[in-house]
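Peer 1: Checked Swiss-Prot, it gives:
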BINDING   D167  Mg(2+) 1 binding site
BINDING   E184  Mg(2+) 2 binding site
ACT_SITE  E200  active site, acyl-anhydride intermediate
BINDING   R202, G217, S220, A243, E258, A259, K278  succinyl-CoA binding site
Amino acid sequence: MTTAQSAWGIGLATVTADDQVLDTWYPTGKLGLGELPLVPGEDEADVLDLPPGAVGDRALPGLRTVQLVTVLSSLADPIKDAADAYLRLHLLSHRLVRPNELNLDGIFGKLANVAWTSAGPCPPERVDELRVIERAAGRHLTIYGVDKFPRMTDYVVPSGVRIADADRVRIGAHLASGTTVMHEGFVNFNAGTLGASMVEGRIVQGVVIGDGSDIGGGASIMGTLSGGGTEKVRVGERSLIGANAGVGISLGDDCVVEAGCYITASSKLTLPDGRVVKARELSGVDGLLFWRNSVTGGLEAKPRSGQGIALNAALHAND
């Protein structure tokens, strides 16, 4: 559910000669919700307290860094431009808003496709030109990816989290304190955790994971970016999606999906009383075990007794 809350940010944008914004970085403390907090007589340029050389031309001719101020009257409004999109993504990664609490419709059309390099963002068609410049300076240019979304950690490093492979977490991911993302875990924008969680599988756009839950190695959760689906999946607290398992329905609290078991919304599940239902009828129900009967091969669901899983506290003490 989107919020009508206003927001602001003062940041640095990388801009091409034809005024295309490649990225915008809003430093910690220079963005927030509500009105832009300037005192009378204060100029936006004074707020960032930039060191010499922070703005101006970059090594690649035609590329420059500029300071800009972005003010959003409502996070429910459509995205206006790239600077607007980056502010919304920063608000998520700074944990100022939660996934699905702001309007991100059409974001792909507002972001440029960028080569993310060790020398900063670059138009993909000019990578070789930048490579020559870097080699002339005695540096080797590394290309981290060519995409519309950069790595979150190049812009925001949230407190209290561990991320084993920074390439696996996009800007706009929401990682609550106590979250651990292992090497094979992946977190997309407008997705993430609401409490201490173990992420060894994939959390796709729009999906949120409750406190104390575990997404096992190779596990996946169906999202809305492909296939035409509109329902956003939520995993409750103290739930486990086992290794190489997956879900296309929401899980309530204290649920377990057996390793290797994939439950789509239309999957037929046999209940303990013999009834057969579609999985969507159990979406969001607490205290269930989903598993595949190794004798019949059929998918089954049955109530679980007691509370859900318990994470290893030592793995989530990340401060």
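Each residue, glycine too, has its Cβ placed from N, Cα and C.
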Peer 1: Max CA to CA distance in Å over the succinyl-CoA-binding set R202, G217, S220, A243, E258, A259, K278?
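Peer 2: For the residues that bind succinyl-CoA, the greatest Cα distance is 26 Å.
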Peer 1: Considering the binding-site residues R202, K278, which residue's Cβ sits among the greatest number of other Cβ atoms within 10 Å?
Peer 2: R202
Peer 1: Return the count of C-beta atoms lying within 10 angstroms of the C-beta of A243 (succinyl-CoA binding site), excluding that atom itself.
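Peer 2: Its Cβ shell of radius 10 Å holds 15 other Cβ atoms.
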Peer 1: Can you tell me the three-state DSSP label for A243 (succinyl-CoA binding site)?
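Peer 2: The residue in question, A243 (succinyl-CoA binding site), is coil (DSSP, three-state).
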Peer 1: Through the lens of DSSP with three states only, how would you label S220 (succinyl-CoA binding site)?
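Peer 2: The residue in question, S220 (succinyl-CoA binding site), is strand (DSSP, three-state).
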Peer 1: K278 (succinyl-CoA binding site) to the residue listed as 'active site, acyl-anhydride intermediate': how many Å between their Cα atoms?
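Peer 2: On Cα coordinates alone, these residues lie 28 Å apart.
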Peer 1: Count the Cβ atoms, other than its own, that fall within 10 Å of the Cβ of the residue listed as 'Mg(2+) 1 binding site', considering every protein chain shown.
Peer 2: 13
Peer 1: Name the one residue among D167, R202, A243, E258, A259 whose Cα is closest in three-dimensional space to that of E184 (Mg(2+) 2 binding site); these are the binding-site residues.
Peer 2: R202
Peer 1: List the Cα distance (Å, whole number) between S220 (succinyl-CoA binding site) and E200 (active site, acyl-anhydride intermediate).
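Peer 2: So the Cα of E200 (active site, acyl-anhydride intermediate) lies 9 Å away from that of S220 (succinyl-CoA binding site).
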